[in-house]
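So that you can see what the record holds, here are the features copied from TrEMBL:
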- 26-137: domain 'C-type lectin' (DOMAIN)
- 219-335: domain 'C-type lectin' (DOMAIN)
- 362-461: domain 'C-type lectin' (DOMAIN)
- 482-605: domain 'C-type lectin' (DOMAIN)
- 1-23: signal peptide (SIGNAL)
- 192-217: transmembrane segment (TRANSMEM)
Amino acid sequence: MHAGLIALATVAIVVASLPTAHALRYTVHHNKVTFYRAWTRCLILGGYLATPELPSQNAAIWEAIKKTDRTTELYWLAGTDNGLERSWIWVTSNRPVGSIRGYDNWAAGEPNNGQPGENCLVMGFDGTGKCTDHYQYQYMIIIKVNQVEEMLPTALIAASTRAFSAADSMEAKCPPYWRHVCQAAKKFDDTWLMTAGLVVLAIVAIAASTLPSTLALRYTVHTTKVSFYEAWTQCIGRGGYLAAPETAQQNEAIWNAIKKTGGTSKSYWLAGTDNGSEGTWIWISRNKPVGSVGGYINWASGAPNVGKTNQNCLMLQDEGTAKWVDAACDDTAYYHLVAVPKMASKILVLTLCLALFAIEAHGFKRYVGYRRNLNYFAAWQACRLMGGSLASIESADENGRVVDAIKAAGNFASHWLIGGTDIGIEGRFVWIGINKELTSSMYTNWATGEPSDTNGSKDCIMNTELILLAIVAVAASTLPATVAHRYSVHSTKVEFFEAWTQCIIKGGRLATPDTAQENEAISSAIKKAGSTGSHWLAGTDIGIENSWIWITTNVPVGIDNGYLNWASGEPNNSQGKENCVVMSSDGTAKWNDVGCDALNNYVCEYAAPSRDSH
């Protein structure tokens, strides 16, 4: 492929559900991103970059692209030979391309590595579903159907797509911006390779997908200098994956394996990288954010070094400890660490996320603390993208576990965001993570003199004194998608956040049309009520521009069934501040973006009572 193509697209296929093992659902996204960003964005949304390992899957991806009428542009798939030239690997499944029934779909003469650096796989260059290799730093477009976000925790990135442009210089490979395709939330063990130091291989006795987390892993140390990407490929070739210590026990086991070799004064690659987005550390061999399991991280003092934009890979340092440091991914020799300077003294706003994905059946909440200088909406987005929400605290026990999570993350004296806000109605605080009023559990833990609302602008709850805000969702279980909704129309003109709060107080949620049928039902309810003007719906992109989220369900607008109903030319963010969604006043039931402080009518949504209840 020609490496100079700039207006290429990265396709993101998000599979929101897996009805069967074979029924993957693909959604195409428009936005310019590089290969690594496409991989990262898909991962954050709970899916993965499209991985056609069977003819039927390739055909389904191509059908999704054809529906956009943009079949002559380029779309990222998950294949790369970054580690070893012509050793193509699906970074999502950690399997060689073609390992399933021998299937591949290269175009004639491809892959040809036509220019050095064509190490990533694209589809669509000639208007067909064939594949070719392409230069990785190319800039592509993302098709905006379901938004795929940029943020991942541990060092939660800034709440703007602009954060990616600043990371251009640090991406070692696969840089072009293309559309990308994300695939369903099916757990894979992704791995990438770093470029310095020694390789630590985690050899698993059985397939990682079937290996219970309670089973011990076996580690093999390899003292051959290779790049990060080659290390990743070598591990896969040996039947394992690059070591990714998700617990203190695993980190200690890796260190013990190293000590047995007598090489504790050297540096060793681990599987962490933030190549996709600066500060967004991922275990690429596990397809999980670093720190997502039990909040475990083991950075050395001052690491990761946020001042070094080219240090995007993770290693065990060479100072005789089991601590982690970040290093340049393209180092080709042993990496001897210079003393890492301490981070400049500054106030960190520490975002405390409630990991909803880890809530057990009996409702136990697991809390994970993350350190990053974020505003409130960015924190909300970051927690949401990790599959959780800003923390809610409904008992003294939960408050104690929040404190423990903060201590585990360090810097207890700093300010930590939690999920309470009265941004809608002054004095009516709501846990936005679970859409309940604070008074519903009878437990509160206000500091003396709080809430004070000094200066009239304190609308959100911090674990200490700094107050920012939070938006999130009703638990999905309270409003099953299979149950019809009933709607109440309110012809009282209020701002967006007040409408959101009023619906919670009334026992429902702000209207959230996920299907054409629901949208029509809302429109019909408005007409029956004789209400005129625009009506608030639950969509907002206040956290990240053009990343539209239903704040009631905590999922991207359009994620279910791909349903969108924007009016022609919308959303257009007129005057740069239209961040909330209304159903337009022209009777068409179309959506428009408007300022969140505009005054509009609103519609609340409730679960219809079951027939058995009568």
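Yeah, the Cβs are placed from backbone N, Cα and C, and that goes for glycine too.
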Next item on the list: Quick one: average pLDDT across the domain 'C-type lectin' (482-605), no decimals.
Entry: 87
Check: By DSSP, what is the split of the domain 'C-type lectin' (219-335) into helix, strand and coil residues?
Finding: 24 helix, 25 strand, 68 coil
Next item on the list: By DSSP assignment, list the helix, strand and coil residue numbers for the domain 'C-type lectin' (26-137), in that order.
Entry: 22 helix, 31 strand, 59 coil
Margin query: Based on DSSP, tally up the residues of the domain 'C-type lectin' (482-605) by helix, strand and coil.
Written below: 27 helix, 37 strand, 60 coil
